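Structure first, commentary second.
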Number of protein chains: 2
Amino acid sequence: MTEGQATSAERPVYLVEPWCVREPELRLDRLAQSESVFALSNGHLGMRGNLDEGEPHGLPGTYLNSFYEQRPLPQAEVAYGYPESGQTVINVTNGKVIRLLVDDEPFDVRYGRVHHHERVLDMQAGTLTRHVEWTSPADRRVKVTSIRMVSLTQRAVAAICYEIEPVDAAVRVVAQSELVANEALPDGGKDPRSSAILDHPLISEEHVANGTKVLLLHRTRQSGLRMAAGMSHQIAGPESMAVDTESSPDVGRLTVATRLEPGQKLRIVKYLAYGWSSQRSRPALHDQVVGALAGARQTGWDGLLKEQRTYLDDFWCGADVEVDGDAEIQQAVRFGLFHVLQAGARAERRMIPAKGLTGPGYDGHTFWDTETFVLPVLTYTSPGAAADALAWRQMTLPLAVERANQLGLSGAAFPWRTIRGHECSGYWPAGTAAFHINADIADAVVRYVDATQDERFEREVGLEILVETARLWRSLGHHDVGGVFRIDGITGPDEYSAIVDNNIYTNLMARRNLQAAAETAMRHPDLADRHGVNAEEAASWRDAAAAMLIPYDDRLGVHPQSENFTNHARWDFAATKPDHYPLLLNYPYFDLYRKQVVKQADLVLALHLCGEAFTEEQKVRDFDYYEGLTVRDSSLSAQTQAVVAAEVGQLELAHDYLGETALMDLHDLNRNTRDGLHIASMAGAWSGLVAGFGGMRAGGGRLRFAPRLPGGISRLAFRMWYRGNRLRINVTAEAACYELLEGPGLKLSHHGEEFTLADEPAELPITQIPARPAPTQPVGREPAPRRIDPHGRAPGGG
Amino acid sequence: MTEGQATSAERPVYLVEPWCVREPELRLDRLAQSESVFALSNGHLGMRGNLDEGEPHGLPGTYLNSFYEQRPLPQAEVAYGYPESGQTVINVTNGKVIRLLVDDEPFDVRYGRVHHHERVLDMQAGTLTRHVEWTSPADRRVKVTSIRMVSLTQRAVAAICYEIEPVDAAVRVVAQSELVANEALPDGGKDPRSSAILDHPLISEEHVANGTKVLLLHRTRQSGLRMAAGMSHQIAGPESMAVDTESSPDVGRLTVATRLEPGQKLRIVKYLAYGWSSQRSRPALHDQVVGALAGARQTGWDGLLKEQRTYLDDFWCGADVEVDGDAEIQQAVRFGLFHVLQAGARAERRMIPAKGLTGPGYDGHTFWDTETFVLPVLTYTSPGAAADALAWRQMTLPLAVERANQLGLSGAAFPWRTIRGHECSGYWPAGTAAFHINADIADAVVRYVDATQDERFEREVGLEILVETARLWRSLGHHDVGGVFRIDGITGPDEYSAIVDNNIYTNLMARRNLQAAAETAMRHPDLADRHGVNAEEAASWRDAAAAMLIPYDDRLGVHPQSENFTNHARWDFAATKPDHYPLLLNYPYFDLYRKQVVKQADLVLALHLCGEAFTEEQKVRDFDYYEGLTVRDSSLSAQTQAVVAAEVGQLELAHDYLGETALMDLHDLNRNTRDGLHIASMAGAWSGLVAGFGGMRAGGGRLRFAPRLPGGISRLAFRMWYRGNRLRINVTAEAACYELLEGPGLKLSHHGEEFTLADEPAELPITQIPARPAPTQPVGREPAPRRIDPHGRAPGGG
């Protein structure tokens, strides 16, 4: 996954506030970005922040998790094992639309005069609020306020409270609240990173209008999925109102016409409900949506708001991060946590896509991003959501076993990219060959179990995943004549190398996978037996793990990312023009693959996730070496570089990388936030702070911290869950204070020193470390600096 | 390039005769194979051996060298540098058709009764003759004889002499001689190795009927090429004949109606002429074809036959190979030489496709096959054709330079597969990455210049190719910190490995390329200067060549095909079912690439072509090692294994491999002769005999032989050209006799012993060598044995 980086400094689109993202004026030039930033989702239902009136728009979008259409995956030269069709997320029936006519003139911000236009995403309330004051071309002035929510408590439900009032003179207003299926979408362009946009993917099956309620039912053409969207309304306004509803195959409409005197308001509460199924009948789905609407109406608008806030209060009390000294990062880490939660909260045994439900980028697929970058955050802040995401992987195991079998391997080969579990990658060297995703999933299982001691999960979900992925590794690797266990011909995280031998990240993660499977099987012999694991198989996993090859370049004194990597020519960075990044859009894969150039942290990701395999000195040398090669053409890279930079004492550099991951979407750094948010980067803000400056590492029941702050951050405090304990760690330049907010207490480690945390907070000192020279990055690829100027603004960030 | 291998023994389709391929009865089950075997071509115009009456057919085919249509090359995931469209050969206007009505019943071998049906390809006459005796469903018996030729002397011309006579009673006959454009073609199926067949590729521009002459002009839709096909007739028969011609956009027709008494004949001589151009106007092309028809008529049928035989006599007197003891091989080597000549004779600065002009396989593309396997034969038997083929490569240099530039490389990157010079490969790991094609072309230049001392060619064609390819290698490789020159991330000949470092074949061939460019530039400093080569650049080529890395596995005592190859897991041959070959149709590339399994000779090809880089002992060890890994899923492999087996003294094994390459198409071993002949395998029969059992090697002005025969061949004699000398070498088990048929004489070497050959033949003894144990092949992939039984038949071969 790759993006182009923006460099020009522009006036900020959003104000920097600790709990809100506020757009103080409507920026039509950033409309599509804002639609992603202001997207609301509960992980099941997602709505982009499109304007209520539908137009103008960057990209209209309403998504249901795992509701997709098939599309062909053509190949100039077909070969065995290529997937024949892909899956792509589709824009489902749009229930956000409320059009308004003011004295017959449509309310449209492109016409007339906008006096005031403000939108606020409130991360404590879980709402998007909009205030507009507008004069029509015919000189009628109105105020429009809308509050939108996608309920975190009622999974099928969204709601909008829409109010209109005249400002100085009476107006005749007509409001049209709609459901619109098969909206026309703008062209996707040719960038392979954008979604394949499908025209008219929905076929009408039923439409009903009844009272203030309208339902539209559709199914997809190829994938054969059925969906229903319904709306229901509560209307308050002058006594004389004409209300009408109608439906047609692709449009449902409620129309309210009235005349408002100054001081009068028209208020429409629109309840929306969605459902989909690959199996349930039309009547069943119909009733399901009608039921959800009834439930929402019963709760009422104020009730929904209250539930939402309670849900979020609960979340923040175990997840909040406070940052003093860098207000942008403070906002960004909460923004990131909010969107990570939105992506996973109610996904409930469905996948978490790379873009969440905020846009159609990457066809709506999930990748290893989820397990490697997003689930660590959920594991320690909202563990149930992490368990659900892994339970979804388990549900897809039959497909992964089938895929492994097709590839001539044992166990399970999870897809590189997918919506429903089928491999949808059209380029195998950077798809199927990237087997590390299997170890990444296994690692997420190990991490979750370590963090929660959820034995039921381990037995019902975790063990099977560990066993099947261990079987994969055992069959993918082999012992050479010297007895070393090799994993040849695969692709590691860095997508500027492919089909390599003994990628260190992959080998270390496979080792962990094999060990964990063997240990877990030993812990649950009854279950292991049911999965066909005997003592010999478990022994063969332990042996392969113990014999795993980890190449080392003695000549340079660094670890090669994979065998032979450090013998390759270095990329000629000096000759590479700034506008030739991302490189993959300007150079052929063959050239990238055979040279030392790194798209994204790979060996450095191993330094983070498998730190126990490296000495401190190796970490320093390796990090320096790969800094000189890493161009960060993937948005996944900066957070890992932030974490490892902090670990090796490059605190200012870590702060710079943190800025890049945290502000990826708020500043649209890669110029593709329009296609959806980078959920992994959103998670990266948390990781950069907690794993980076907090030095948090966990595993084997041990939770360790090694906090140390950069100059620009005067205080960092974060909350997290570990084994039933809710903790708060407050870090300053001099000391860290550990506090148990809830739970039985636990052993922790602070900079290598173990201590027990119980009722009493523990304050421990932080020693300064001598500065080392900073490593250099490829010319022009340095992260933007976050040095704080006297007024507290970060010049590079905003 | 890959094929499935046939194993079942069937009754022979063709009789074994030294100078002819005779089909004694019509084998409808092998119709498409016979259309390829009986194809006639002069390298410019090719006609499959379709029946005169058009139906039944396996695959109708008439081809003009380099006349192609564009087709899309779709990709599920697009990346920089992928070609966007491909080129595919198309079936042009069919001029072979002569339909016959016998008392109103169409002559069709599927109806009525065929008493006799014989077809004979005569390799001395250069004709395809057909004799049929047939009784119609209405009981009318006729004899039909046709002789078809594609002229080797008049490049645009083909001709057919068609005769009908009644056998016992008078018949009314109507003969319709046709030109048919846009014939319906059978479906191509899903095998990626077949051609993409395009429907109705030709758009009519003009059609004219005049006297016995008809012309059809068409152009292609996408590629914008224009072609013309014309026919003209001489008719002899009873006095009362009705002759009529007509034309429509896609059909031209001459109709002759008459009544034949027993003893009377109707004889139609049909002259055909073809032309095409990307630039010339419709009138110009029209006139060109009319002119060619006039020339052919002027020469007349007998004149054309005579020219053809003279041309072939000339060829055979410098090319013939005689084999005693194995009659199948005797026939096959002449069949192979004949088709190699047909593919290249009059190509004249156009490419030589992998299938010649005998079928649409591989989209009609040319590959490295031509330079590596076909041009060696032409260089020593018909050197002008080899020069022409290389001159075509030079004509495409601007495209190759552009491609190199697109790939970020210096010099020229020739396309892996193409018709007109544009890269048409849709899968870069086995296309663009196979850079060895550039060294293969350079090697063909070096070989041609060595064999002919053609200084004008060297100055006008060769030098530029050598310089631009040397530049490519210099930019593709780099010196590592130890000073070694590495070529990383490329693909060698073996298509079951890809994107490897330091493939030995590639590195050795690149070394030769760099050395030859430096030497040739030094010989022609004026020209070198004109191509921008200075002393520094030439020095950098010499240095890179001298520092070239040739990996060696000390542990196993063999050369790894590429770095790390011998550390990979061996393919599990024992677990691979016989029907799972060719492997690429049943296993994913990723699995093939990361294991020790070899599709086709790669390191062993280096043993043949770069023998000077290996000791005798290394050759023995390396050959044995790779025999155990090579599955020959490519038809290109057996000939190289034959040559090297002979060199290391495995003479019986060499004979077996020779049988496989020589009988590839006559026995349809890979079950895909229907798509066209394997021209490289055809050439392989010569190479297996001359380079294999003759031990012929040439280079640096030295022509060497090391003849040694297997038990099943009692005598081998071959003719060849070298530096203006025409030689004949006659080999028996005991001795070799070297004879100078023409030319100034030269120094030769016999088993390492130098001698001068002038007017007197030289007879030199051959010592027997002790037998070594035969190497083993992967189970089930042994070549069919050619041990001769007492009756002289080879059980495995026919």
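Cβ atoms are placed via backbone N, Cα and C, with glycine included.
As given in TrEMBL:
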DOMAIN    A:23-277  domain 'Glycoside hydrolase family 65 N-terminal'
DOMAIN    A:334-686  domain 'Glycoside hydrolase family 65 central catalytic'
BINDING   A:W368, A:D369, A:K599, A:Q600  substrate binding site
ACT_SITE  A:E495  active site, proton donor
DOMAIN    A:696-757  domain 'Glycoside hydrolase family 65 C-terminal'
REGION    A:769-798  region 'Disordered'
COMPBIAS  A:783-792  compositional bias 'Basic and acidic residues'
DSSP-derived helix, strand and coil totals, residue by residue, for the domain 'Glycoside hydrolase family 65 C-terminal' (A:696-757): 0 helix, 41 strand, 21 coil
Lowest local Cβ density among A:D369, A:E495, which the record lists as recorded positions, within 10 Å: A:E495
Diameter of the substrate binding set by C-alpha atoms, the set being A:W368, A:D369, A:K599, A:Q600, in angstrom: 16
Neighbour count (Cβ, 10 Å) for A:K599 (substrate binding site): 25
Model confidence over the domain 'Glycoside hydrolase family 65 C-terminal' (A:696-757) (mean pLDDT, whole number): 97
